[in-house]
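Engineer: I grabbed these lines from TrEMBL:
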- 20-38: transmembrane segment (TRANSMEM)
- 156-184: transmembrane segment (TRANSMEM)
- 205-226: transmembrane segment (TRANSMEM)
- 238-264: transmembrane segment (TRANSMEM)
- 285-302: transmembrane segment (TRANSMEM)
- 569-590: transmembrane segment (TRANSMEM)
- 611-635: transmembrane segment (TRANSMEM)
- 647-665: transmembrane segment (TRANSMEM)
Amino acid sequence: MDAAPHTYIGIDKIMKIKKWLVASGVLIFGLIGVTQVMESAQDIPFPVRYATRLSTDTSLNSSAVYKVLKDGSDKFDVTLYRTFIDENGEERKFSFGTDAGHVAEFHELTALKGTSYKGMYYSASKLPGELIDKLQQIGVQVTSTELPWYIIGSQIWANGILAVVTWSMVLTFLISYFASLNLYRKHWLVGRMLGGVKKTLAKSVASDLFIMTVVSIVLWGVYVLLNQVALSSLSSYALLATLGLNIVILMSFVVLINVVFFIIIQHNNLAKALKRTDSNMKQNLVWMVGILASLAALTLLMNQTVLNQKNLQQQLDSLKPWQKLSAYKAVNVTLPSIEDSNNGEIDARADTKVARRFMDHFKDDEYIFSQDSTAKVPNMVSQEQAQFMTSQLKRDGIDSDVSKRIRYMNLNALKLSGHQHLAGKVANKKPATVFLPEKFKDHKKSVLNAIYLEYYQNSGIKKSDFEVHIVKNNEKTFLFDYRGAELYVYDHSRLQTDTNRILVVINMAYAFNSLGKDATYSNVLNGLFKQPGLKKVAVDSSINGQVEDITSPYLSIQMQANRLQKRIVAAYVSMATLVIMQLFAIFQFLMNIARKKAYTMGVKRLLGYNIDYVILQEFGGYILTIFVGLVVAWVMTSSIVLKNVVLGLNVMAIVIIIGYVRFYVKKASVNVLKGDFEL
């Protein structure tokens, strides 16, 4: 009894439409999962479960930290991974310890020369307590956390607006799926009389599971190949878990729909179905509501995505000036006062001697000095301390709200900070040249007091010796914040660019010979230096022993830029996926109506009705409603480019679908009468 119903029910016909629907649906939900993984896990291409951040508030020798990590990895048989930027600007993978899976490209510490130890390290297990203790003993701050790769996929189902969009698309998918079954309800009802419906539905569900699994595996494989990540990497596992969760959720609803459909078939009126007097109006209305709901949710999410993309692009743009500074290095100089002290007192004279000798090797255009004024109230102090410090500054004639906007620089830093046009105004024979934004011109006295206090106090130099220029407001200044940029994530508390800064160009010839030269030398050593001078330092036996570490901040900056670029790409992929989802929803809706109305349109065509009138009669109301929804979405979408692209693609899709229906009905009226209209 099984063979006959399979043939009559037309399982091949049903499967053809449904297979395409299921494959398209699981692919779209899979692409949403890919964007989530790109946002959350693609930056970690290692077979790991734990992330450890290393940082410090003091100056440490990176080579010493690397040695502790290397020795600890060998001793405790633990593998640590990290990424770094090589001399060619390429991102590379490094491992401490045994790299059994050959995931990393480099294993020798020489590969890390010039890189900072600060950042993220990854491992398959927690770091041993003894290794953490050794790191902390030398001043490294260690923060570890488990990487929950298995819950990344749940974000698309439970995370804010994205979850609303996902569930809206689930509604559209389920209605489309039910419609694909209901399209041949007459066949199912006849099959009910012959037997075998339950078995056919069971095979249909098994086929759906197979299709979802195959499409998901192919999508996972393409992702792994295109991104060149290890099969056992975090992002690989995360995507597998995400795709698996998608299958579980979608298959749960598929099984439920098949059960409901089986119950409907068991209790439906065969005579009414054969006479085609049953209506699909309620189903279409529910479907239309689902499309409009998903369109509204998609609009909100696209706006959020555009905003996120803009923020990421702004962060990336703020790092671009570093491209001019790739030749500059940060130097860790150990001053004598750090190594030894005389009765607990710092020997500033010895420090100054080393610093002066160091700076003698650099021309004015071979180093960068740029730092904020210290004549201000720090953020991390108690209210009582803040009040006391404010009163002390007021006593010296300094307004802390103004002095915190001061940025000290040397002439080279001014040129590289985006103010080349101001360089010609710097007075060579003045101890300091001030560029005061117009909004601060009434606070000139406070600014001059701060400069005098920090650099020229008791030096014989008068405040009237400073050159002052009033400049226009809102000019941007690049701040050379390489310490902030080395962080493992972008920290908004550390700015790369800022506006309305009070720029003070210190004449180093004066500053290095004033009574405050000790502090000046110490501050300048925190700057950035070019290779020609560093080569001279390397062969100067009187000070080369004081240089412990030379790192390239630009390498860390470039790595951060790479991270931001990947997130921007993920944002674009996310937007493209959203547009595909919307086109998919409208496509399925209109195609289902076309399939259900094929017989009616074919009859009217043969009776002499104008084909355009027939199509307008059947589709007009739905298309008008969708178009109104698209116009509302167009108004609500913030991005001009995105709103025009989305509206254009949707209108184009509708025109193509209707054009295809018109062509098919016009050329195949006889087949329509036979019930063979299939798209």
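Using N, Cα and C of the backbone, Cβ positions are placed for all residues, glycine too.
Give me the structural setting of these features: burial, nearby parts and distances.
Structural biologist: Beyond the ends of the transmembrane segment (20-38), by six or more residues, the same chain brings 152-153, 155-156, 162, 166, 169, 173, 176-177, 180, 208, 211-212, 215-216, 219, 223, 235, 238-239, 242-243, 246-247, 250, 254, 566-567, 569-570, 573-574, 577, 580-581, 584, 588 to within a C-beta distance below 8 angstroms of the stretch.
Beyond the ends of the transmembrane segment (156-184), by six or more residues, the same chain brings 9-10, 13-14, 17-18, 21-22, 25, 28-29, 32-33, 36, 242, 245, 249-250, 253-254, 257-258, 260-261, 280, 283, 286-287, 290-291, 293-294, 297-298, 300-301, 304, 578, 581, 584-585, 588-589, 592, 595-596 to within a C-beta distance below 8 angstroms of the stretch.
Residues 15, 18-19, 22-23, 26-27, 30-31, 34, 37, 236, 239-240, 243-244, 246-247, 250-251, 254-255, 258 of the same chain lie 6+ residues outside the transmembrane segment (205-226) yet bring a C-beta within less than 8 angstroms of a C-beta in it.
Remote same-chain partners of the transmembrane segment (238-264), defined as residues 6 or more beyond its termini with a Cβ less than 8 Å from a stretch Cβ, comprise 22, 25-26, 29-30, 33-34, 36-37, 40-41, 149-150, 152-154, 156-157, 170, 173-174, 177-178, 181-182, 188, 197-198, 201, 204-205, 208-209, 212-213, 216, 219-220, 223.
Long-range contacts of the transmembrane segment (285-302) within its own chain (CB-CB distance under 8 A, at least 6 residues past either end) are made by residues 161-162, 164-165, 168-169, 171-172, 175-176, 179, 575, 578, 581-582, 585-586, 589, 592, 622, 625-626, 629-630, 633, 636-637, 639, 642, 646.
Note on the transmembrane segment (611-635): residues 284, 288, 291-292, 295-296, 298-299, 586, 589-590, 593, 597, 600-601, 604-605, 643-644, 646-647, 650-651, 654, 658, 661-662, 665-666 of its chain, located 6 or more positions outside it, place their CB under 8 angstroms from a CB of the stretch.
Only residues 6 or more beyond the boundaries of the transmembrane segment (647-665), in the same chain, are considered here, and those with a CB under 8 A from a CB of the stretch are 579, 582-583, 586-587, 590-591, 594, 598, 601-602, 605, 611-612, 614-615, 619, 623, 626-627, 630-631, 633-634, 672, 677, 679.
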